[in-house]
Amino acid sequence: MAGEVEGEGCRVSWGVLVALLLLPLPSLCSLTAGKQLQVIKLFEGRVVRYNESKNFCYQRTYEPKWSDVWTKIQIRVNSTKMIRVTQVENEEKLKEMETFNMFDFFSSFLKEKLNDSFIYVDLYNNKTCIKVHVSDTDTYYSVALSRGFDPRLFFVFLCGLLLFFYGDTLSRSQIFYYSTGITVGMLASMLILVFMLSKLMPKKSPFVALLLGGWSVSIYVIQLVFKNLQAICTEYWQYLLGYLGIVGFVSFAFCYKYGPLENERSINILNWTLQLIGLLLMYISVQIRHIAVTMVVIAFCTKQIEYPVRWIYILYRKIKLKRGKPSPPRLLTEEEYRKQGDVETRKALEELRGYCSSPDFAAWKTVSRIQSPKRFADFVEGSSHLTPNEVSVHEHEYGFGGSFLEDELFGEDSDVEEEMEIEPVLYQDLR
C-alpha cells in the first residue's frame with residue numbers, strides 16, 4: 001500500500017509540474033494573437049537597413065518562364081555583428097514563432113542563419129518570409145533581394161549530366177573510388193564516428209538516445225562549419241590542414257584495405273546509384289519543374305537508346321559486309337605484265353635521270369663510288385642503262401624459249417611424275 005501511495009504521489013507531482021509548465025502558454029498565445037504582426041515587404045533591387053528585430057516577406061509577382069532555367073532568387077542579410085535569421089514559409093509561420101513550440105524550437109536551429117546569410121527562394125513559392133533576431137541594439141544589418149543567373153546551378157547540372165552518362169566508367173575507375181572515399185571521409189567523419197559507436201553499443205541501452213541526439217548534433221555542427229567555412233580557413237587553417245590530413249589518410253587507408261569494387265553486381269549497383277544521383281542533380285538544378293522533368297526524360301531516353309542504336313549499327317555492318325564483299329582482283333596476262341613492266345621501268349628511269357640532273361644530287365660523291373663514270377654520264381644524258389651484251393643475256397635467260405621458262409615448265413612436269421612414282425611405292429608399303 002505504501003508503494004502504491006508513493007507511486008500515486010509521484011504521478012500527482014509530475015502532473016502538477018506539467019500543468020504549471022503549460023499554464024503560461026494559453027496566456028502567451030492570447031497575447032500574441034492580440035498583437036498585430038508587422039511585416040516588411042521585400043522588392044527586387046531594394047536594400048533596407050535596420051538595427052532591431054524585424055519580419056520580412058517576399059511575394060512572387062510573376063510566373064517562371066523557360067528563360068529562368070538556371071535563375072536564382074536570393075535574400076541576403078548582412079550585419080555588423082552576429083544575428084539569427086530564421087526562414088519560414090508564410091506569415092502564419094511567423095505568428096507561430098511568437099509562441100513557444102518545442103518542435104519549431106529545435107527545427108529553427110537547422111534553419112537559422114548567422115551573420116552574412118543567403119536565403120534561396122524557390123521560383124514557385126508564392127511567399128517566403130524571414131525573421132531577423134538582433135540581440136544587441138547597436139547591431140545594424142541590411143536586407144537585399146536579388147535575382148539573376150546562377151552559375152552554380154549550371155555547374156550542378158553539368159555534374160549530374162556527367163554522372164548519368166559516365167556512371168559506368170566512373171564505377172570502374174580506381175581514381176574515382178579513392179577520391180570519393182577520401183571526400184566522404186572528410187565531410188562525414190563525425191557521422192561515421194557516431195555510426196561506429198552505435199555498432200558497439202547494445203540495442204537496449206540509455207546510450208541509444210544519446211546517439212540519436214548525436215546525429216542531430218553532428219548535422220548541426222556540419223551546418224555551422226559550412227556557414228563559417230571562410231572564417232575557419234583564415235583563422236584556424238593549421239587545425240583545418242591537420243584535420244584534413246589525418247582524416248584523409250584514415251579514409252585512404254580504409255579504402256585501400258577493402259580495395260576497389262571487383263564484383264560485377266557491385267559495380268552495377270554503384271553505376272545505377274551514380275546514374276540516379278546524376279538524374280537527381282539534373283532535376284534539382286533546373287528551376288522550372290516541367291523543363292527539369294523534360295530534361296531528365298530526354299537524358300534517360302538518350303542513354304537507353306544507345307543500346308538499340310549500337311545493335312542496329314552492328315547489324316548494318318554485318319549485312320553490308322555480306323553484300324559488299326570485294327571481288328577478287330583480275331590477274332594480268334603475260335602480255336599485260338610485260339607492257340606494265342616496260343612502262344613502269346621507263347617511268348622510274350626518267351625519275352632517276354631527273355634526280356641525277358638536279359642540284360640536290362651529289363655528283364662527285366656518286367662518281368667516286370661507281371666503277372664506270374662514263375657509262376653513268378651517258379645514262380644521265382639519255383642513253384640506255386643496259387649494254388647490248390646485257391640485253392642478249394637477259395633475252396637468253398628470261399625470253400621466250402629461254403632456260404628460265406623451260407625450267408618452270410618442265411620442272412612442274414617432273415614434280416608430277418615424281419609424285420606419281422611415289423604413290424605406288426607407298427601403296428605397296430602399306431600392303
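Using the three backbone atoms N, Cα and C, a Cβ is placed for every residue, glycine included.
The following features are taken from Swiss-Prot:
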type: TRANSMEM; residues: 151-171; note: transmembrane segment
type: TRANSMEM; residues: 175-195; note: transmembrane segment
type: REGION; residues: 176-287; note: region 'A'
type: TRANSMEM; residues: 206-226; note: transmembrane segment
type: TRANSMEM; residues: 236-256; note: transmembrane segment
type: TRANSMEM; residues: 266-286; note: transmembrane segment
type: MOTIF; residues: 317-325; note: motif 'Nuclear localization signal'
type: REGION; residues: 326-431; note: region 'Interaction with banf1-a and banf1-b'
type: REGION; residues: 326-395; note: region 'B'
type: REGION; residues: 368-375; note: region 'BAF-binding site (BBS)'
- Query: How does the model score the region 'B' (326-395) in terms of mean pLDDT?
  - Reply: 82
- Query: Near the transmembrane segment (236-256), which residues from the same chain, at least 6 beyond its ends, have a CB less than 8 A from one of its CBs?
  - Reply: 177-178, 181-182, 184-186, 189
- What counts of helix, strand and coil residues does DSSP assign across the region 'B' (326-395)? 46 helix, 0 strand, 24 coil
